[in-house]
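Data block below; observations after.
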């Protein structure tokens, strides 16, 4: 079984034909054309595999798009206007922790070996730093949706790749590469075109989403350094179970400081939406977990090239959906900037996969694709 480097998942092995039976060998030696007993099954096997992959991709798109749309609806000033993204994000961490634990219990192959457990000191050092940065990344990105459009948010989050490249060089995970620098500059130009002509530009929202993108790049570097080589966090479910308790604590403390417990308790949303608030608290965390699970399945079943292409299509679908449902306005220059950025991302991924350290490239590309809408 081949092991995926970022999530250490076992990919399905490629088809390898079994040795020919003696009867078939004799037929070949005698000039008789053998009839393959497996031949009728091959098209059916191929079709089944394609159907499974398509269903996984659709599930990934569904959960990702629904999560983005729901977060925008919850936090937008013109919609629900629930002004507590940090508190709500902390609740989502508890939901994801519960689902992660249930998955580990239900599927023993995801259970880590007890001898590989973190010591408490190691846990707070390794997981604590990653959880703090990840929690801030998610909290700030959710907070930005209060004031900026979903399409603008998605375009800004596409800049994650720039910061992944920057921090990979700073932390000496990757050697400096002039070609990659040129590609990231092209992507930066595309982001500038998207941002400079935004018709509903709000500086505070822009700063929040860009800060979350910077933290996402830092999060990638810290994850490479502190977590991925540890056997206890060898798959996304044990990683979630390790990180979410600390992420909950960090986000809760941040919510108490910046949003205030009294304002949270006395929010008019509790009276206005009543029992629906339980949906607001539980559903986003559930969607986030199943998005991670579908990503995991996609990584198992496909190549990194397929994942990269699907990730770019996901960005386009999210932006189209935001223009249809939330009536976001895109000017021609926005679209030009978006095309430049997405093409730059495609070229970057292709270069990283075909040149240099292939294992590190696959880890980086997977992270970028799966976290643009985190």
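Quick reminder: no glycine exception, Cβ is built from N, Cα and C everywhere.
As the structure is a computational prediction, the values presented were derived from the model and not from experiment.
Sequence-distant contacts of the transmembrane segment (50-70) (same chain, six or more residues past either end, CB-CB distance under 8 Å): 150, 153-154, 283-284, 287-288, 290-291, 294-295, 297-298, 301-302, 306, 310, 314, 317-318, 321-322, 325, 373. The transmembrane segment feature in Swiss-Prot is assigned to 50-70 (among others); the stated evidence is sequence analysis.
Residues or ranges marked as transmembrane segment by Swiss-Prot on the basis of sequence analysis: 151-171 (among others).
If you look up Swiss-Prot, you'll see 175-195 (among others) marked as transmembrane segment.
The transmembrane segment annotation in Swiss-Prot covers 201-221 (among others) and rests on sequence analysis.
Sequence-distant contacts of the transmembrane segment (238-258), counting only residues of its own chain at least 6 positions beyond either end whose CB sits under 8 Å from a CB of the stretch, comprise 84, 86-87, 89-90, 93-94, 96-97, 100-101, 104, 110-112, 118, 123-124, 127-128, 130-132, 134-136, 138-139, 227, 232, 264, 289, 292. Here Swiss-Prot flags 238-258 (among others) as transmembrane segment, drawing on sequence analysis.
Taken from Swiss-Prot, the feature transmembrane segment applies to 273-293 (among others). Beyond its flanks by at least six residues, the transmembrane segment (273-293) meets 59-60, 63-64, 66-67, 70-71, 74, 80, 82, 88, 91-96, 99-100, 103, 236, 240 of its own chain at Cβ-Cβ distances under 8 Å.
Here Swiss-Prot flags 329-349 (among others) as transmembrane segment, drawing on sequence analysis.
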Spatial neighbours of the transmembrane segment (201-221) far in sequence, C-beta under 8 Å, 6+ residues away:
130, 133-134, 136-138, 140-141, 143-148, 152-153, 156-157, 159-160, 162-168, 170-171, 173, 195, 364, 367-368, 371, 374
